């Protein structure tokens, strides 16, 4: 049996990683797995994991890694993920990456590529301010970028050491990024 082709998308808020992950998933015919969407769905469906997650979220706490990994394991067990998958929003730190690697080995999957969309901070600030969300002001955005950079720098180094990290210029037209992604991942 061929091993599933696993892709992880990294990028700061506003980098376009969600847009690109969804587009590439459609092109390749594999699922785009957003941990945020999965959590919301599990809560809406009233699953055991969803109810546990809701308990943490209602208290304003982060959902524990093991709970998220449970959701990911369940999702990767679906038939549509056998040929591959794109994970968006997880892992966010090295501990999560190590847990994820162990989980993937246990279920016969592996990460082939970790794709990082690089976009200058100034461009991200402009993009997020242009969205016009109530909670998006320049100070908040810059703080989120700082936290993101601090959290993900060690994660990038982790995947770089494994030879899996590919950084792409995310400061170009959506179509150009999509073309570059397809060239990278298509055999």
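Including glycine, each Cβ sits where the backbone N, Cα and C put it.
What you are looking at is a predicted structure, and each value in this text was computed from that prediction instead of being measured.
As given in Swiss-Prot:
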- 14, 15, 16, 17, 18, 19, 131, 172: ATP binding site (BINDING)
- 35, 40, 61, 62, 63, 89, 90, 91, 92, 96, 133, 144: AMP binding site (BINDING)
- 34-63: region 'NMP' (REGION)
- 130-136: region 'LID' (REGION)
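Residue counts of the region 'NMP' (34-63) by helix, strand and coil are 22 helix, 1 strand, 7 coil (DSSP-based).
The Cβ of residue 133 (AMP binding site) has no same-chain neighbour under 8 Å that is 6 or more residues away in sequence. The maximal spread of the AMP binding site, taken as the longest Cα to Cα distance among 35, 40, 61, 62, 63, 89, 90, 91, 92, 96, 133, 144, is 29 Å. For residue 63 (AMP binding site) paired with residue 172 (ATP binding site), the C-alpha to C-alpha distance reads 34 Å. When the C-alpha distances from residue 90 (AMP binding site) to the binding-site residues 15, 18, 19, 172 are tabulated, the minimum falls on 18. Scoring each of the binding-site residues (15, 19, 35, 172) by how many neighbouring Cβ atoms lie within 10 Å, the top position goes to 15.
Among the listed binding-site residues, namely 17, 131, the Cβ with the most fellow Cβ atoms inside 10 Å is that of 17.
Rounded to a whole number, the C-alpha distance linking residue 17 (ATP binding site) with residue 61 (AMP binding site) is 25 angstrom. Its Cβ placed at the centre, residue 16 (ATP binding site) has 21 other Cβ atoms within 10 Å.
Per-class residue totals from DSSP over the region 'LID' (130-136), listed helix then strand then coil: 2 helix, 0 strand, 5 coil. Residue 15 (ATP binding site) sits 17 Å from residue 35 (AMP binding site), counting Cα to Cα.
Other C-beta atoms found within 10 angstroms of the C-beta of residue 90 (AMP binding site) number 23, with every protein chain shown included. Between the CA atoms of residue 131 (ATP binding site) and residue 92 (AMP binding site) there is a gap of 24 Å.
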